[in-house]
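Quick look at what TrEMBL annotates:
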- 216-288: domain 'DUF1736' (DOMAIN)
- 407-440: repeat 'TPR' (REPEAT)
- 1-18: signal peptide (SIGNAL)
- 36-54: transmembrane segment (TRANSMEM)
- 66-88: transmembrane segment (TRANSMEM)
- 94-113: transmembrane segment (TRANSMEM)
- 125-143: transmembrane segment (TRANSMEM)
- 192-213: transmembrane segment (TRANSMEM)
- 238-258: transmembrane segment (TRANSMEM)
- 279-301: transmembrane segment (TRANSMEM)
- 307-329: transmembrane segment (TRANSMEM)
- 336-353: transmembrane segment (TRANSMEM)
- 359-380: transmembrane segment (TRANSMEM)
- 491-509: transmembrane segment (TRANSMEM)
Amino acid sequence: MVITIFLSLSLSLSLSLSLSLSIRLNILLGGMTPLYFHVVNVCLHCAVTCLLMHTCDRCVFDDPRLAFLTALLFAVHPIHTEAVSGIVGRADVLACMLFLLAFLSYVRSVGVCGSGSADSLPSTVSVWALGASLLLGTCAMLVKETGITVFGVCVLYDALVRSLTFHLSGLLRSRHLSGSKMKDLLRISVPFLKRACAVSLYVAVIMSFRLWLMGGSMPLFSEQDNPASFSPHLLTRFLTYCYLLAFNAWLLLSPAVLCYDWQVGSIPLVESLWDMRNVAALLLGVVMVALCLHCVMSLQRLENREVLLGVLFLVFPFIPASNLFFRVGFVVAERVLYMPSMGYCILVAHGLGRLCSVVGRWGTTALTVSTLLLLLLFSWKTVQQNDIWLSREALFRSGIQTLPHNAKVHYNYANFLKDRGRHQEAIHHYKTALRLYPRHASAMNNLGTLTRHPEDAEHYYRTALDTNPQHNRALFNLGNLLKWRSSQTSCRVVSLVYIVLFTYFSSHIF
(Lines of atoms letter the chains of each structure in order from A and count residues from 1; the text may use other names and numbers.)
(Lines give C-alpha, C1' and ligand atoms only; values in the text may rest on other atoms or scores of the structure.)
Protein backbone atom coordinates (compact mmCIF):
# COMPACT_ATOMS: atom_id res chain seq x y z
CA MET A 1 0.00 0.00 0.00
CA VAL A 2 2.81 2.42 0.93
CA ILE A 3 4.66 1.61 -2.30
CA THR A 4 1.49 2.19 -4.33
CA ILE A 5 0.92 5.59 -2.67
CA PHE A 6 4.55 6.63 -3.22
CA LEU A 7 4.57 5.58 -6.86
CA SER A 8 1.20 7.19 -7.52
CA LEU A 9 2.14 10.50 -5.94
CA SER A 10 5.51 10.71 -7.67
CA LEU A 11 4.29 9.58 -11.07
CA SER A 12 1.02 11.52 -11.02
CA LEU A 13 2.87 14.66 -9.90
CA SER A 14 4.66 14.55 -13.22
CA LEU A 15 1.56 13.37 -15.06
CA SER A 16 -0.42 16.22 -13.50
CA LEU A 17 1.46 18.43 -15.89
CA SER A 18 -0.08 16.52 -18.80
CA LEU A 19 -2.54 19.32 -19.46
CA SER A 20 0.12 22.01 -19.73
CA LEU A 21 2.45 19.60 -21.53
CA SER A 22 -0.21 18.82 -24.13
CA ILE A 23 -0.67 22.54 -24.74
CA ARG A 24 3.09 23.05 -24.99
CA LEU A 25 3.26 20.16 -27.44
CA ASN A 26 0.57 21.84 -29.51
CA ILE A 27 2.65 25.01 -29.61
CA LEU A 28 5.82 23.13 -30.58
CA LEU A 29 4.16 21.20 -33.40
CA GLY A 30 1.71 23.74 -34.77
CA GLY A 31 2.64 27.06 -33.23
CA MET A 32 -0.22 29.22 -32.00
CA THR A 33 -2.57 28.09 -34.77
CA PRO A 34 -5.93 27.44 -33.06
CA LEU A 35 -6.78 24.59 -35.44
CA TYR A 36 -4.26 22.20 -33.89
CA PHE A 37 -5.54 22.90 -30.37
CA HIS A 38 -9.08 22.13 -31.46
CA VAL A 39 -8.01 18.97 -33.28
CA VAL A 40 -6.48 17.60 -30.06
CA ASN A 41 -9.59 18.50 -28.06
CA VAL A 42 -11.86 16.79 -30.60
CA CYS A 43 -9.64 13.70 -30.59
CA LEU A 44 -9.81 13.55 -26.80
CA HIS A 45 -13.60 13.90 -26.95
CA CYS A 46 -13.77 11.01 -29.43
CA ALA A 47 -11.58 8.91 -27.11
CA VAL A 48 -13.89 9.66 -24.15
CA THR A 49 -16.91 8.71 -26.27
CA CYS A 50 -15.35 5.36 -27.22
CA LEU A 51 -14.37 4.68 -23.61
CA LEU A 52 -17.91 5.47 -22.45
CA MET A 53 -19.35 3.04 -25.00
CA HIS A 54 -16.91 0.34 -23.86
CA THR A 55 -17.76 1.00 -20.20
CA CYS A 56 -21.49 0.80 -20.87
CA ASP A 57 -21.10 -2.37 -22.92
CA ARG A 58 -19.03 -4.06 -20.23
CA CYS A 59 -20.53 -2.80 -16.96
CA VAL A 60 -23.93 -1.21 -17.61
CA PHE A 61 -26.03 -2.63 -20.44
CA ASP A 62 -26.61 -6.17 -21.63
CA ASP A 63 -27.68 -4.83 -25.05
CA PRO A 64 -24.75 -3.30 -26.98
CA ARG A 65 -27.18 -1.14 -28.94
CA LEU A 66 -27.98 0.81 -25.78
CA ALA A 67 -24.26 1.31 -25.13
CA PHE A 68 -23.91 2.69 -28.66
CA LEU A 69 -26.91 4.99 -28.15
CA THR A 70 -25.39 6.28 -24.90
CA ALA A 71 -22.12 7.08 -26.64
CA LEU A 72 -23.90 8.70 -29.58
CA LEU A 73 -25.97 10.93 -27.30
CA PHE A 74 -22.84 11.87 -25.35
CA ALA A 75 -20.91 12.68 -28.54
CA VAL A 76 -23.43 15.24 -29.84
CA HIS A 77 -24.72 16.79 -26.61
CA PRO A 78 -24.50 20.61 -26.90
CA ILE A 79 -23.49 21.04 -23.26
CA HIS A 80 -20.03 19.75 -24.24
CA THR A 81 -19.31 22.63 -26.62
CA GLU A 82 -17.52 24.76 -24.05
CA ALA A 83 -15.35 21.87 -22.82
CA VAL A 84 -14.38 20.75 -26.33
CA SER A 85 -14.21 24.08 -28.18
CA GLY A 86 -12.50 26.02 -25.40
CA ILE A 87 -8.80 25.31 -24.99
CA VAL A 88 -9.03 25.49 -21.20
CA GLY A 89 -11.85 22.93 -21.38
CA ARG A 90 -9.26 20.29 -22.20
CA ALA A 91 -8.90 19.77 -18.45
CA ASP A 92 -12.48 18.49 -18.20
CA VAL A 93 -12.15 16.22 -21.24
CA LEU A 94 -8.79 14.80 -20.14
CA ALA A 95 -10.02 14.29 -16.57
CA CYS A 96 -13.09 12.45 -17.90
CA MET A 97 -10.91 10.13 -19.95
CA LEU A 98 -8.76 9.33 -16.90
CA PHE A 99 -11.95 8.92 -14.84
CA LEU A 100 -13.23 6.18 -17.16
CA LEU A 101 -9.84 4.48 -17.37
CA ALA A 102 -9.61 4.42 -13.57
CA PHE A 103 -13.11 2.95 -13.30
CA LEU A 104 -12.38 0.25 -15.89
CA SER A 105 -9.12 -0.66 -14.13
CA TYR A 106 -10.94 -0.99 -10.82
CA VAL A 107 -13.60 -3.22 -12.38
CA ARG A 108 -10.85 -5.38 -13.85
CA SER A 109 -9.21 -5.73 -10.44
CA VAL A 110 -12.35 -7.23 -8.87
CA GLY A 111 -13.41 -10.80 -9.46
CA VAL A 112 -15.82 -11.55 -12.27
CA CYS A 113 -19.48 -11.52 -11.26
CA GLY A 114 -20.55 -14.94 -10.10
CA SER A 115 -17.04 -16.39 -10.02
CA GLY A 116 -16.55 -16.14 -6.27
CA SER A 117 -17.36 -18.87 -3.82
CA ALA A 118 -20.66 -18.96 -2.01
CA ASP A 119 -19.10 -17.95 1.31
CA SER A 120 -17.01 -14.99 0.15
CA LEU A 121 -17.42 -11.77 -1.79
CA PRO A 122 -15.37 -11.24 -4.97
CA SER A 123 -11.67 -11.03 -4.22
CA THR A 124 -9.04 -8.76 -5.72
CA VAL A 125 -7.85 -10.74 -8.72
CA SER A 126 -5.30 -8.16 -9.94
CA VAL A 127 -3.36 -5.95 -7.55
CA TRP A 128 -1.70 -4.28 -10.54
CA ALA A 129 -5.09 -3.29 -11.97
CA LEU A 130 -6.09 -1.86 -8.59
CA GLY A 131 -2.85 0.09 -8.42
CA ALA A 132 -3.39 1.36 -11.96
CA SER A 133 -6.88 2.50 -10.96
CA LEU A 134 -5.46 4.44 -8.01
CA LEU A 135 -2.82 6.03 -10.21
CA LEU A 136 -5.25 6.99 -12.97
CA GLY A 137 -7.70 8.40 -10.43
CA THR A 138 -4.93 10.52 -8.93
CA CYS A 139 -4.00 11.83 -12.36
CA ALA A 140 -7.65 12.68 -13.00
CA MET A 141 -7.76 14.62 -9.72
CA LEU A 142 -4.59 16.54 -10.54
CA VAL A 143 -5.92 17.45 -13.98
CA LYS A 144 -9.34 18.46 -12.59
CA GLU A 145 -10.55 18.30 -8.99
CA THR A 146 -13.72 16.46 -9.97
CA GLY A 147 -11.59 13.49 -11.02
CA ILE A 148 -11.28 12.33 -7.41
CA THR A 149 -14.96 11.36 -7.39
CA VAL A 150 -14.08 8.26 -9.40
CA PHE A 151 -13.01 6.56 -6.18
CA GLY A 152 -16.46 7.01 -4.68
CA VAL A 153 -18.04 5.62 -7.83
CA CYS A 154 -15.70 2.61 -7.78
CA VAL A 155 -16.33 1.72 -4.14
CA LEU A 156 -20.11 2.04 -4.42
CA TYR A 157 -20.12 0.06 -7.66
CA ASP A 158 -18.10 -2.63 -5.91
CA ALA A 159 -20.41 -2.66 -2.90
CA LEU A 160 -23.80 -2.39 -4.59
CA VAL A 161 -23.26 -4.20 -7.88
CA ARG A 162 -20.30 -6.56 -7.74
CA SER A 163 -20.56 -7.62 -4.09
CA LEU A 164 -24.07 -7.06 -2.81
CA THR A 165 -26.07 -7.92 -5.90
CA PHE A 166 -24.37 -11.13 -6.99
CA HIS A 167 -23.16 -12.56 -3.70
CA LEU A 168 -24.49 -10.99 -0.55
CA SER A 169 -28.18 -11.14 -1.45
CA GLY A 170 -27.97 -14.80 -2.36
CA LEU A 171 -26.00 -15.57 0.76
CA LEU A 172 -28.52 -13.88 3.03
CA ARG A 173 -31.28 -16.05 1.56
CA SER A 174 -29.22 -19.21 1.97
CA ARG A 175 -30.11 -21.71 4.68
CA HIS A 176 -26.46 -22.54 5.34
CA LEU A 177 -25.79 -19.41 7.41
CA SER A 178 -24.87 -19.86 11.04
CA GLY A 179 -26.85 -18.35 13.87
CA SER A 180 -24.77 -15.15 14.06
CA LYS A 181 -25.42 -13.47 10.73
CA MET A 182 -23.36 -10.40 11.60
CA LYS A 183 -20.20 -12.44 12.07
CA ASP A 184 -20.86 -14.24 8.82
CA LEU A 185 -21.39 -10.94 7.01
CA LEU A 186 -18.11 -9.57 8.33
CA ARG A 187 -16.31 -12.75 7.42
CA ILE A 188 -17.54 -12.89 3.85
CA SER A 189 -17.08 -9.14 3.40
CA VAL A 190 -13.34 -9.17 4.13
CA PRO A 191 -12.23 -8.89 0.45
CA PHE A 192 -14.49 -5.90 -0.17
CA LEU A 193 -13.62 -4.24 3.15
CA LYS A 194 -9.92 -4.53 2.35
CA ARG A 195 -10.42 -2.77 -0.99
CA ALA A 196 -12.69 -0.11 0.50
CA CYS A 197 -10.27 0.65 3.35
CA ALA A 198 -7.31 0.78 0.97
CA VAL A 199 -9.09 3.20 -1.36
CA SER A 200 -10.32 5.35 1.54
CA LEU A 201 -6.86 5.60 3.06
CA TYR A 202 -5.37 6.40 -0.31
CA VAL A 203 -7.93 9.16 -0.94
CA ALA A 204 -7.14 10.71 2.45
CA VAL A 205 -3.43 10.74 1.60
CA ILE A 206 -3.77 12.28 -1.85
CA MET A 207 -6.30 14.84 -0.59
CA SER A 208 -3.78 15.90 2.05
CA PHE A 209 -1.12 16.02 -0.64
CA ARG A 210 -3.34 18.12 -2.88
CA LEU A 211 -4.06 20.53 -0.01
CA TRP A 212 -0.34 20.76 0.69
CA LEU A 213 0.33 21.68 -2.94
CA MET A 214 -2.22 24.49 -2.58
CA GLY A 215 -0.42 25.90 0.44
CA GLY A 216 -2.87 24.54 2.99
CA SER A 217 -5.72 26.82 1.94
CA MET A 218 -8.62 26.77 -0.49
CA PRO A 219 -8.84 29.23 -3.42
CA LEU A 220 -10.34 32.64 -2.66
CA PHE A 221 -13.23 33.98 -4.72
CA SER A 222 -15.11 37.25 -4.85
CA GLU A 223 -18.80 37.94 -4.43
CA GLN A 224 -19.31 38.41 -8.15
CA ASP A 225 -17.95 34.89 -8.77
CA ASN A 226 -20.52 33.17 -6.54
CA PRO A 227 -23.01 35.62 -4.96
CA ALA A 228 -25.04 32.95 -3.16
CA SER A 229 -22.06 31.76 -1.11
CA PHE A 230 -21.55 35.32 0.23
CA SER A 231 -25.17 35.77 1.30
CA PRO A 232 -25.46 36.25 5.09
CA HIS A 233 -28.79 34.38 5.15
CA LEU A 234 -28.67 30.60 5.46
CA LEU A 235 -32.11 30.20 3.87
CA THR A 236 -31.04 32.19 0.78
CA ARG A 237 -27.93 30.07 0.34
CA PHE A 238 -29.85 26.81 0.74
CA LEU A 239 -32.68 27.75 -1.63
CA THR A 240 -30.30 29.13 -4.26
CA TYR A 241 -28.06 26.08 -4.14
CA CYS A 242 -31.09 23.79 -4.54
CA TYR A 243 -32.33 25.81 -7.49
CA LEU A 244 -28.90 25.74 -9.11
CA LEU A 245 -29.00 21.93 -8.97
CA ALA A 246 -32.32 21.99 -10.81
CA PHE A 247 -30.95 24.55 -13.28
CA ASN A 248 -27.96 22.33 -14.12
CA ALA A 249 -30.27 19.35 -14.55
CA TRP A 250 -32.40 21.39 -16.95
CA LEU A 251 -29.32 22.29 -18.99
CA LEU A 252 -28.72 18.57 -19.50
CA LEU A 253 -32.34 17.90 -20.38
CA SER A 254 -32.91 20.93 -22.61
CA PRO A 255 -29.70 22.73 -23.65
CA ALA A 256 -31.62 25.39 -25.60
CA VAL A 257 -30.08 28.41 -23.84
CA LEU A 258 -26.32 28.18 -23.40
CA CYS A 259 -23.79 30.84 -22.47
CA TYR A 260 -20.07 30.89 -21.82
CA ASP A 261 -20.54 32.77 -18.51
CA TRP A 262 -23.40 32.62 -16.01
CA GLN A 263 -22.06 35.01 -13.39
CA VAL A 264 -23.09 38.45 -12.07
CA GLY A 265 -26.84 38.68 -12.36
CA SER A 266 -27.53 35.78 -14.71
CA ILE A 267 -29.41 33.84 -12.02
CA PRO A 268 -30.88 36.00 -9.21
CA LEU A 269 -30.74 34.67 -5.66
CA VAL A 270 -33.71 32.72 -4.34
CA GLU A 271 -34.52 34.64 -1.17
CA SER A 272 -38.05 33.48 -0.34
CA LEU A 273 -39.89 30.22 0.13
CA TRP A 274 -42.62 31.60 -2.12
CA ASP A 275 -40.30 31.97 -5.10
CA MET A 276 -41.73 29.88 -7.94
CA ARG A 277 -38.27 28.57 -8.77
CA ASN A 278 -38.45 26.44 -5.64
CA VAL A 279 -40.92 24.24 -7.52
CA ALA A 280 -38.11 23.21 -9.89
CA ALA A 281 -35.85 22.32 -6.97
CA LEU A 282 -38.65 20.37 -5.31
CA LEU A 283 -39.38 18.49 -8.52
CA LEU A 284 -35.72 17.56 -8.89
CA GLY A 285 -35.70 16.29 -5.31
CA VAL A 286 -38.73 14.11 -5.97
CA VAL A 287 -37.12 12.67 -9.11
CA MET A 288 -33.84 11.90 -7.34
CA VAL A 289 -35.65 10.25 -4.40
CA ALA A 290 -37.66 8.16 -6.87
CA LEU A 291 -34.47 7.09 -8.66
CA CYS A 292 -32.83 6.13 -5.37
CA LEU A 293 -35.86 4.09 -4.31
CA HIS A 294 -35.86 2.42 -7.71
CA CYS A 295 -32.19 1.54 -7.22
CA VAL A 296 -32.91 0.00 -3.81
CA MET A 297 -35.80 -2.06 -5.15
CA SER A 298 -33.74 -3.14 -8.15
CA LEU A 299 -30.93 -4.35 -5.91
CA GLN A 300 -33.37 -6.43 -3.90
CA ARG A 301 -34.62 -8.00 -7.14
CA LEU A 302 -31.06 -8.34 -8.47
CA GLU A 303 -31.82 -6.38 -11.63
CA ASN A 304 -31.58 -2.99 -13.34
CA ARG A 305 -28.05 -1.96 -12.40
CA GLU A 306 -28.29 0.56 -15.24
CA VAL A 307 -30.18 3.08 -13.09
CA LEU A 308 -27.66 2.73 -10.27
CA LEU A 309 -24.70 3.29 -12.59
CA GLY A 310 -26.48 6.21 -14.24
CA VAL A 311 -27.13 7.88 -10.88
CA LEU A 312 -23.54 7.29 -9.73
CA PHE A 313 -22.08 8.78 -12.92
CA LEU A 314 -24.52 11.68 -12.77
CA VAL A 315 -24.28 12.66 -9.10
CA PHE A 316 -20.73 11.96 -7.95
CA PRO A 317 -18.78 13.98 -10.57
CA PHE A 318 -21.00 17.00 -9.84
CA ILE A 319 -20.50 16.97 -6.05
CA PRO A 320 -17.36 19.21 -6.10
CA ALA A 321 -19.29 21.86 -8.09
CA SER A 322 -22.38 21.79 -5.87
CA ASN A 323 -21.08 24.12 -3.08
CA LEU A 324 -21.80 21.24 -0.70
CA PHE A 325 -18.32 20.96 0.84
CA PHE A 326 -16.58 24.17 -0.24
CA ARG A 327 -17.19 27.38 -2.16
CA VAL A 328 -16.71 27.28 -5.91
CA GLY A 329 -15.78 30.17 -8.19
CA PHE A 330 -18.82 30.16 -10.46
CA VAL A 331 -22.61 30.16 -10.43
CA VAL A 332 -23.11 27.78 -13.35
CA ALA A 333 -20.35 26.43 -15.59
CA GLU A 334 -21.34 24.29 -18.56
CA ARG A 335 -17.91 22.67 -18.76
CA VAL A 336 -18.31 21.02 -15.32
CA LEU A 337 -21.31 19.12 -16.69
CA TYR A 338 -19.07 17.22 -19.09
CA MET A 339 -18.55 14.28 -16.70
CA PRO A 340 -22.04 14.24 -15.12
CA SER A 341 -23.56 14.11 -18.59
CA MET A 342 -22.34 10.50 -18.84
CA GLY A 343 -24.88 9.53 -16.19
CA TYR A 344 -27.59 11.50 -17.94
CA CYS A 345 -26.92 9.70 -21.22
CA ILE A 346 -26.99 6.31 -19.47
CA LEU A 347 -30.36 7.07 -17.87
CA VAL A 348 -31.85 8.31 -21.15
CA ALA A 349 -30.66 5.22 -23.04
CA HIS A 350 -31.98 2.93 -20.30
CA GLY A 351 -35.34 4.71 -20.31
CA LEU A 352 -35.65 4.37 -24.07
CA GLY A 353 -34.75 0.70 -23.85
CA ARG A 354 -37.42 0.05 -21.22
CA LEU A 355 -40.04 1.93 -23.23
CA CYS A 356 -39.22 -0.05 -26.34
CA SER A 357 -39.67 -3.28 -24.39
CA VAL A 358 -43.20 -2.42 -23.25
CA VAL A 359 -44.65 -0.69 -26.31
CA GLY A 360 -45.60 -2.45 -29.50
CA ARG A 361 -44.05 -2.37 -32.93
CA TRP A 362 -45.47 1.03 -33.84
CA GLY A 363 -44.48 2.43 -30.48
CA THR A 364 -40.91 1.27 -31.01
CA THR A 365 -40.89 2.91 -34.43
CA ALA A 366 -42.16 6.17 -32.95
CA LEU A 367 -39.48 6.08 -30.22
CA THR A 368 -36.78 5.39 -32.81
CA VAL A 369 -37.88 8.35 -34.92
CA SER A 370 -38.07 10.57 -31.83
CA THR A 371 -34.56 9.54 -30.78
CA LEU A 372 -33.20 10.31 -34.24
CA LEU A 373 -34.88 13.72 -34.15
CA LEU A 374 -33.36 14.38 -30.71
CA LEU A 375 -29.91 13.46 -31.98
CA LEU A 376 -30.35 15.73 -35.00
CA LEU A 377 -31.50 18.63 -32.81
CA PHE A 378 -28.55 18.14 -30.46
CA SER A 379 -26.17 17.98 -33.43
CA TRP A 380 -27.62 21.17 -34.93
CA LYS A 381 -27.33 22.99 -31.59
CA THR A 382 -23.74 21.78 -31.17
CA VAL A 383 -22.78 23.07 -34.63
CA GLN A 384 -24.47 26.37 -33.83
CA GLN A 385 -22.54 26.66 -30.56
CA ASN A 386 -19.28 25.86 -32.32
CA ASP A 387 -19.87 28.84 -34.63
CA ILE A 388 -20.13 31.03 -31.53
CA TRP A 389 -16.73 29.82 -30.32
CA LEU A 390 -15.02 30.64 -33.64
CA SER A 391 -13.86 34.11 -32.54
CA ARG A 392 -13.59 36.25 -29.46
CA GLU A 393 -16.04 38.81 -30.78
CA ALA A 394 -18.65 36.20 -31.73
CA LEU A 395 -18.37 34.61 -28.28
CA PHE A 396 -18.77 37.88 -26.39
CA ARG A 397 -21.58 39.11 -28.61
CA SER A 398 -23.46 35.85 -28.14
CA GLY A 399 -23.24 36.32 -24.37
CA ILE A 400 -24.90 39.74 -24.64
CA GLN A 401 -27.63 38.36 -26.90
CA THR A 402 -28.28 35.37 -24.64
CA LEU A 403 -27.97 37.05 -21.22
CA PRO A 404 -28.33 40.84 -21.65
CA HIS A 405 -28.79 41.22 -17.89
CA ASN A 406 -25.38 39.63 -17.17
CA ALA A 407 -22.85 42.30 -16.16
CA LYS A 408 -19.90 40.00 -16.82
CA VAL A 409 -20.65 39.53 -20.52
CA HIS A 410 -20.96 43.32 -21.00
CA TYR A 411 -17.63 43.77 -19.21
CA ASN A 412 -15.91 41.15 -21.38
CA TYR A 413 -17.30 42.66 -24.58
CA ALA A 414 -16.22 46.13 -23.44
CA ASN A 415 -12.67 44.83 -22.94
CA PHE A 416 -12.71 43.45 -26.47
CA LEU A 417 -13.94 46.79 -27.86
CA LYS A 418 -11.30 48.64 -25.88
CA ASP A 419 -8.55 46.45 -27.34
CA ARG A 420 -9.90 47.14 -30.83
CA GLY A 421 -9.90 50.92 -30.26
CA ARG A 422 -13.70 51.24 -30.29
CA HIS A 423 -13.71 53.35 -27.15
CA GLN A 424 -17.20 54.86 -27.30
CA GLU A 425 -18.82 51.44 -27.62
CA ALA A 426 -16.58 50.16 -24.85
CA ILE A 427 -17.67 53.01 -22.56
CA HIS A 428 -21.31 52.16 -23.24
CA HIS A 429 -20.88 48.51 -22.23
CA TYR A 430 -18.75 49.39 -19.19
CA LYS A 431 -21.55 51.67 -18.00
CA THR A 432 -24.10 48.94 -18.71
CA ALA A 433 -22.07 46.51 -16.61
CA LEU A 434 -21.95 49.04 -13.77
CA ARG A 435 -25.69 49.65 -14.02
CA LEU A 436 -26.31 45.91 -13.70
CA TYR A 437 -23.67 45.39 -11.01
CA PRO A 438 -22.57 48.70 -9.36
CA ARG A 439 -19.80 46.99 -7.35
CA HIS A 440 -17.84 45.85 -10.43
CA ALA A 441 -14.43 47.32 -9.53
CA SER A 442 -12.69 46.22 -12.74
CA ALA A 443 -15.35 47.91 -14.89
CA MET A 444 -14.90 51.14 -12.91
CA ASN A 445 -11.13 50.99 -13.34
CA ASN A 446 -11.29 50.32 -17.09
CA LEU A 447 -13.89 53.05 -17.55
CA GLY A 448 -11.50 55.46 -15.84
CA THR A 449 -8.80 54.64 -18.38
CA LEU A 450 -11.13 55.68 -21.22
CA THR A 451 -12.33 58.91 -19.60
CA ARG A 452 -10.86 62.08 -21.08
CA HIS A 453 -11.31 64.25 -17.99
CA PRO A 454 -8.81 63.62 -15.15
CA GLU A 455 -11.40 64.46 -12.49
CA ASP A 456 -13.78 61.80 -13.78
CA ALA A 457 -10.96 59.27 -14.09
CA GLU A 458 -9.90 59.91 -10.49
CA HIS A 459 -13.50 59.46 -9.36
CA TYR A 460 -13.72 56.04 -11.08
CA TYR A 461 -10.37 54.89 -9.67
CA ARG A 462 -11.27 55.91 -6.13
CA THR A 463 -14.71 54.29 -6.41
CA ALA A 464 -13.08 51.06 -7.62
CA LEU A 465 -10.71 51.16 -4.62
CA ASP A 466 -13.61 51.80 -2.26
CA THR A 467 -15.23 48.65 -3.64
CA ASN A 468 -12.03 46.60 -3.68
CA PRO A 469 -9.08 48.16 -1.79
CA GLN A 470 -6.75 45.46 -3.15
CA HIS A 471 -7.44 46.21 -6.83
CA ASN A 472 -3.89 46.49 -8.19
CA ARG A 473 -4.72 48.11 -11.53
CA ALA A 474 -6.84 50.81 -9.90
CA LEU A 475 -4.03 51.57 -7.44
CA PHE A 476 -1.51 51.77 -10.27
CA ASN A 477 -3.72 53.96 -12.47
CA LEU A 478 -4.63 56.31 -9.62
CA GLY A 479 -0.95 56.66 -8.67
CA ASN A 480 0.00 57.53 -12.25
CA LEU A 481 -2.84 60.05 -12.47
CA LEU A 482 -1.85 61.78 -9.24
CA LYS A 483 1.78 61.83 -10.34
CA TRP A 484 0.80 63.40 -13.67
CA ARG A 485 -1.38 66.01 -11.97
CA SER A 486 1.43 66.81 -9.54
CA SER A 487 3.87 67.29 -12.40
CA GLN A 488 1.33 69.48 -14.20
CA THR A 489 0.93 71.62 -11.06
CA SER A 490 4.72 71.98 -10.71
CA CYS A 491 5.03 73.01 -14.34
CA ARG A 492 2.36 75.65 -13.87
CA VAL A 493 4.15 77.09 -10.80
CA VAL A 494 7.47 77.25 -12.65
CA SER A 495 5.78 78.89 -15.64
CA LEU A 496 4.13 81.46 -13.37
CA VAL A 497 7.48 82.33 -11.75
CA TYR A 498 9.07 82.79 -15.16
CA ILE A 499 6.25 85.08 -16.25
CA VAL A 500 6.53 87.22 -13.07
CA LEU A 501 10.31 87.54 -13.39
CA PHE A 502 10.09 88.37 -17.07
CA THR A 503 7.47 91.05 -16.36
CA TYR A 504 9.55 92.51 -13.51
CA PHE A 505 12.81 92.76 -15.44
CA SER A 506 11.03 94.02 -18.54
CA SER A 507 9.41 96.88 -16.63
CA HIS A 508 12.68 97.95 -14.97
CA ILE A 509 14.99 97.61 -17.96
CA PHE A 510 12.74 99.02 -20.63
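All positions are counted from 1 along the displayed chain.
Using the three backbone atoms N, Cα and C, a Cβ is placed for every residue, glycine included.
Owing to the predicted nature of the structure, the values given are computational and were not obtained by experimental measurement.
Per-residue confidence over the domain 'DUF1736' (216-288) averages 86 (mean pLDDT, predicted model).
Long-range neighbours of the transmembrane segment (336-353) within the same chain, counting only residues 6 or more positions beyond its ends whose Cβ lies under 8 Å from a Cβ of the stretch, are 52, 56, 60-61, 63, 66-67, 69-71, 73-74, 77, 79-80, 83, 89, 92-93, 95-96, 99, 146, 248, 251-253, 291, 306-307, 309-315, 317-318, 321, 330, 367, 371. Within the chain, the repeat 'TPR' (407-440) has long-range Cβ neighbours (under 8 A, six or more residues past its boundaries) at 223-224, 259-261, 263-266, 392-393, 396-397, 399-400, 446-447, 449-450, 467. The transmembrane segment (125-143) shares the most Cβ pairs under 8 Å with 94-113, out of the stretches 66-88, 94-113, 307-329. The largest share of C-beta pairs under 8 angstroms with the transmembrane segment (66-88) comes from 359-380, of the ranges 94-113, 307-329, 359-380. Per-class residue totals from DSSP over the repeat 'TPR' (407-440), listed helix then strand then coil: 27 helix, 0 strand, 7 coil.
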